[in-house]
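J.: Got a structure for you, questions after.
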Amino acid sequence: NLFQFEKLIKKMTGKSGMLWYSAYGCYCGWGGQGRPKDATDRCCFVHDCCYGKVTGCNPKMDIYTYSVDNGNIVCGGTNPCKKQICECDRAAAICFRDNLKTYDSKTYWKYPKKNCKEESEPC
C-alpha cells in the first residue's frame, strides 16, 4: 500500500516519499500524462505501468509482506497479486535511489501538469 511504499522509499533513499516524490515531474504523484521529464520521473512512469498490470488486488490499499535483508528489500508472502505490488514498489524505490544525483527539485517539484501535454509513450 502507499504507506509501505513510503517506507521502502525512505529505506532506499533516506528521503521522504511524500516530500520528494508526491508532486514531481509528470508522473510522480496522483495520475500521470505526457512524457517523463527525467530519470526520476521515469521511475514513476514505470511504477504507474507496473501498477497498471496488477489485477485482483488494490496496489494503493492492500498490505503486502516484505523484509529488509542487508539493505535489500525482499518481497514475500503467498499472495501473488500482493507480491507483484511489492515488486513494483521495490523496483521504484531502487530506481529513486539510483537516480538521486539527477533529482532536480528546482525544475520538476510541483511541475505544472499543463506542461505534460506530449503524447504519452506506451508502457
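Any Cβ shown, glycine's included, is placed from N, Cα and C.
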J.: Which single residue out of D48, D62 does Swiss-Prot record at the Ca(2+) site shared with Y27, G29, G31?
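T.: According to Swiss-Prot, the candidate sharing the Ca(2+) site with Y27, G29, G31 is D48.
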J.: Using the record from Swiss-Prot, pick out the residue from C44, C49, C50 that is joined to C123 by a disulfide.
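T.: Swiss-Prot annotates a disulfide bond between C123 and C49.
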J.: Swiss-Prot pairs C88 with one of C44, C50, C57 in a disulfide bond, so which one is it?
T.: C50
J.: Among C43, C44, C57, which cysteine is annotated in Swiss-Prot as forming a disulphide with C95?
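T.: That record, Swiss-Prot, gives the partner as C43.
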J.: Restricting the comparison to the disulfide-bonded residues C57, C75, C81, C95, C123, which residue's C-alpha is spatially nearest the C-alpha of C28 (disulfide bond)?
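T.: With Cα distances computed to C28 (disulfide bond), the winner among C57, C75, C81, C95, C123 is C95.
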J.: Just checking, which of C43, C50, C81, C116, C123 (disulfide-bonded residues) has the fewest C-beta atoms within 10 Å of its C-beta?
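T.: Each of the disulfide-bonded residues C43, C50, C81, C116, C123 was scored by Cβ atoms within 10 Å; lowest is C123.
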